[in-house]
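Feature list (source: TrEMBL):
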BINDING   105, 106, 107, 108, 109, 110, 111, 112  ATP binding site
DOMAIN    3-66  domain 'MIP18 family-like'
């Protein structure tokens, strides 16, 4: 009977995630005596609605076993008194000293590559660094770190981030099956982003990078409401059409009260492997003009370099494996500028960011 119960529980998915409660290791005990069943779970969410949904789903999965009684106990983390390292407002991860949001107005500009190499470069400065892959629809960080298929460990009521290449990482990409597409509405995206921050056992970190989805939507608003973000970094390419979208990302930082650390111009030129010359094939000077317009710094211009692409595909980030390359040196310079900005500006205040109400978001004019 117990084996049959386990088989049924293996079909019960954890709310808002794609894997089942058995795979995550949330089922801690199963007892059956005189056709009476007792099931004990320990989950990572403190949200009571998650526990109630699980109880309903488990009861539904076992209903045709003709049990005389079913007792489901679900242990959840205690909700502690709200702490914050911000001046005021909310912080669901108070053990992290500083948060950096890396965003872009459109996809395909190298945002994830930039966020990852900034994080690794900052860790090489002697800081304790983590990265959240908050790009729910396109979680690429596990691939770039060579961690595809790696399962995070469950410790108590939290997921333990994966320590790799000197940084701590958590991504939706290690919580769902490879290649699986998520078709989620806004509310589910917002909840998932908050859980990546609050339901993960992040250690005390100097900096936590957030690799955001492209655009200016629910994930960005939820992050800004959940934690006090110290710095915003916008990633763009030199083309005018890309810069038009990047201006929207910079405008979003302003409306969410996120201090703008600067712009990183990715694919600033093609670095020819034959003659080591850099050719500005996508234009010149546009990102600097945009940074000046928003009164922030052009943190770096990263060229198209073969080892950057190869490292991303092979799980060997250029800043970790090729520190003497042109791109790695520029990422390192950008990380140093970013850290100086964080130290200069100190803590931030997210108290003024309003929740989404009546179809209007915090980004509404």
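The backbone N, Cα and C atoms fix where each Cβ goes, glycine too.
Predicted automatically and left uncurated, TrEMBL annotations should be read as such.
All features noted in TrEMBL, drawn onto the structure.
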residue	record	Cβ neighbours (10 Å)
105	ATP binding site	23
107	ATP binding site	15
108	ATP binding site	11
109	ATP binding site	23
110	ATP binding site	22
111	ATP binding site	28
112	ATP binding site	25
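Here the domain 'MIP18 family-like' (3-66) is broken down by DSSP into helix, strand and coil counts: 25 helix, 16 strand, 23 coil.
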